[in-house]
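If you look up TrEMBL, you'll see Cys2 marked as active site, for GATase activity. Taken from TrEMBL, the feature domain 'Glutamine amidotransferase type-2' covers 2-226. Marked as L-glutamine binding site by TrEMBL: Asp129. The feature ATP binding site is assigned by TrEMBL to Val309, Ser383, Gly384.
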Amino acid sequence: MCSITGVISKDDDPSSSRSTDRLLLTMTKILKHRGQDMSGIMLDDDVIYFKNFNELEYENKNKNMGNSKFNSNHRVSLGHNRLAIVGEAVQPLPNCDETIWIVCNGEVYNYVELNDDLCEKHCFKTDTDTEVILHAYEDHIEDRLDGDFAYAIYDKEKNIVVLRRDLMGVKPLYYTDLENHFIFASEKKALYYILMELENYTYEEAFNSELIKRLNPNSELIYHLDNNEIIIQENLEEIITEYYNYNFNTVNYDYNYCRNELNNVITESVSKRVRGLEKVGIIYSGGVDSTLIAKLASENCNNVILYTVGVEGSEDVYYAEKAAKDLNLKLRKKTLTENDFEKYLLNVANAIDELNVMKLGVGIPIYAASEMAKEDGIKVVLSGQGADELFAGYNRYKRTLTEKGKEGLEKELYDDSMNIYKVNLERDDHCTMANGVELRVPFLDKNVVNVALSMPVEYKITKDEDAENSKNEHWKRILRDVARKHVPEYIADRPKKAAQYGSGSEKTIYKVARNHGYSKKNIENFLKDYVFKKMEANLLPYVIPNNKKFDKSEITINEIKYA
């Protein structure tokens, strides 16, 4: 995983071009935490690769990659910070004749198979999945990409810039369309800087601005440089297709058949997400979702480490220790004090650009777990995100079934699954990437989603009179049955408990607020008065007066405030 940034200047004024360089470089610096291994920027005729922002060095082995001229008056600048996981190539990355350039954040899990198909027509310069995306774009087979990604492609011959996001929105991408610039980035904080720099917004105005938009999952934005026209195409792929030429609802396969198919697609999803990794971490709560993922990962990777976080006496830590011992898996745990929570509260708020107490409460254990993973040299962690939305894991779904029936519950599960990127995925991505660790979510694999949303809803959740065994048969019934093939019974039957409660984090946030003189009902005032001001202070050093000219040949440490 990485970060991508981009600036399109809508006029050909030379001063605007120099300003564009500075904007692009600063945005890329702001997101450096997402990729510490290498950075690259495309500025007009030059492509520059460098390891840190104090020494912008040309990468000699790629010195011939930046000779192409832009073929229009519009200025397109691309930036990238790389977290090296697959291959050795740097970005921005060109096609064979350097007429198309790409920056990408994410992974393509079937890149080896696609590479075999594409290599007959294309010259591959690298061994990365990003180059597979580039050539898939040239051959118009982007719909064959199986992965989690957000990318930008600059096609010089067509004079367009294309932004595209994966099916479920696992990888984030934001943009803003201003009078003189169109700008995009992997995190909103880079666009806060843009609004403060170009529009003279305060931090609070930028934070609340509706000018910053998400590119929706399963969507493509095409920016036509000739006339500054933007075209957005949504629903690029069908979410629910006839999986293996059938649909569970229409053909009405029985429960055992669906359970076996679900077991197969989850197993395959985990397998391809750990393929080629020497070690992998698990964001671990000791619940059925993360334990199933951990067990399947251990069957495909020799070095699996579980990471669990909570307060003293938290339920998650208890179950995590017990399950890890029974499964013979290595566990690292972190017990947080109130002082720890105050530190992590600030870090998480700055990472996710949010002041929502629930999101902060969930984010703290994820942030702390990924911090431990970074200490262990792990670059990829897995989580059980998405299972509750796909398999009816929340208590409220039983109420929906009672009040609205099966059709009402099916609609709610579909809507929740399609909107999970807004609530959970952005938060989790930002918390892990703040520590330079990539998060992968096996339950949101396109085949798992397809099977889950196609099967009869009664296979997931039952009414009281339909329950056969324990009360836990009510929620995530079929997933628990799949888990019983792999994990201890007490884990398969463990009741659902929200992350912020299982870890004890949300309750501790209120204690931190109380220590600063704020009651529980005034928590929003505490977050704004204390947390928000520190978030603002982190970004202010990057804002430079508009009349400050930037020349890439004269960069010094004083030109940009380095964190």
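Counting begins at 1 with the first residue displayed.
Placement of Cβ uses the backbone N, Cα and C atoms for every residue, glycine included.
TrEMBL annotations: computationally assigned, not manually curated.
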Residue among recorded positions Cys2, Val309 with least C-beta crowding, 10 angstrom cut-off: Cys2
Rounded inter-Cα distance in Å - the residue listed as 'active site, for GATase activity', Val309 (ATP binding site): 25
The residue listed as 'L-glutamine binding site' to Ser383 (ATP binding site) - Cα separation in whole Å: 22
Set of same-chain residues at least 6 away whose C-beta sits under 8 angstroms from Gly384 (ATP binding site): Ile283, Ser285, Gly287, Val288, Asp289, Ser290, Leu292, Ile293, Val441, Phe443
Residues Val309, Ser383, Gly384 [recorded ATP binders]: greatest CA to CA distance in Å: 15
Ser383 (ATP binding site) CB neighbourhood, other CB atoms within 10 A: 27
Within the predicted model, mean pLDDT of the domain 'Glutamine amidotransferase type-2' (2-226): 86
